[in-house]
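Encoded as structure tokens, the structure appears first; notes follow it.
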């Protein structure tokens with residue numbers, strides 16, 4: 001979960017630095033934004049190609065202690081004889097809930113990412129430097145929230161305070177409801193109340209940090225032997241949200257007036273609430289795989305086969321017990 005904060009940290013740096021770059025050359029320095037961050041991207045690719053390996057045991061930069069830890073906690077490897085249950089995935093209620101939870105949050109955050117600087121300029125009347133600084137605050141808040149909620153979630157689960165499904169729903173639904181409750185009131189603030197607007201948008205983004213320990217963590221649980229497939233489908237839907245959001249909102253704020261922004265913030269809140277409701281009704285953290293799924297696990301030098309189950313993080317085999325309750329013509333996971 002901690003790795004997801006990289007997105008927010010990147011936005012914080014980009015917004016802050018971009019505001020400063022624009023002021024250079026008598027306020028004609030905006031082309032530097034593309035040159036600077038383009039060069040950083042190329043540098044990152046070089047570093048990635050240099051350090052990246054397919055397997056941890058092939059990486060010469062990893063310590064023996066870290067390698068031993070990774071090998072002891074290695075994820076399960078799906079048998080080559082296991083086919084991808086496409087129909088079950090696309091008709092699964094929990095999968096649909098997870099995707100919609102991710103989609104709605106991605107949709108709203110894309111609007112904030114794409115149009116917040118415009119709102120800061122057109123409505124709140126911040127100058128370029130202030131714009132970059134204040135536009136980064138929501139992402140700073142979300143990065144902090146992701147880490148805090150992730151740590152708290154692990155603590156509560158390890159102490160058996162909540163079941164996994166309950167914990168995921170608290171995080172995901174709480175994030176959606178609180179996010180909406182914070183961002184909708186921005187619509188009704190006066191133009192001069194810029195401080196309250198910035199704080200409410202920041203708190204709304206902080207609330208959304210809980211989704212990383214909700215629907216995003218859910219990816220690993222629903223079909224544990226098909227995590228890559230589920231991730232691909234989920235993030236493809238995220239991409240659709242990130243494409244449609246700027247297109248729709250761009251048509252709503254042609255003049256950039258405060259009245260137009262009223263509908264923007266309300267629409268973001270409504271989308272968050274829809275995602276929370278769907279996840280509350282259909283979300284689940286238990287495996288949806290049939291109990292005849294066979295998974296082979298390689299752990300250090302030993303190979304262990306889990307028949308009628310999957311391997312947990314601790315290395316033990318656990319039996320999957322899906323019921324026959326139907327939803328969307330698919331088995332419900334309890």
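Cβ atoms are placed via backbone N, Cα and C, with glycine included.
All TrEMBL annotations are machine predictions without curation.
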For this session: Could you tell me which of the ranges 197-217, 302-322 is annotated in TrEMBL as transmembrane segment?
Result: 197-217
Exercise. Which of 6-25, 169-190, 197-217, 229-249, 261-282 has the most Cβ pairs closer than 8 Å to the transmembrane segment (95-116)?
Worked result: 229-249
For this session: Test the contact criterion for the transmembrane segment (261-282) and the transmembrane segment (169-190): 3 or more CB pairs under 8 Å, pairs 6 or more apart in sequence, then answer yes or no.
Result: yes
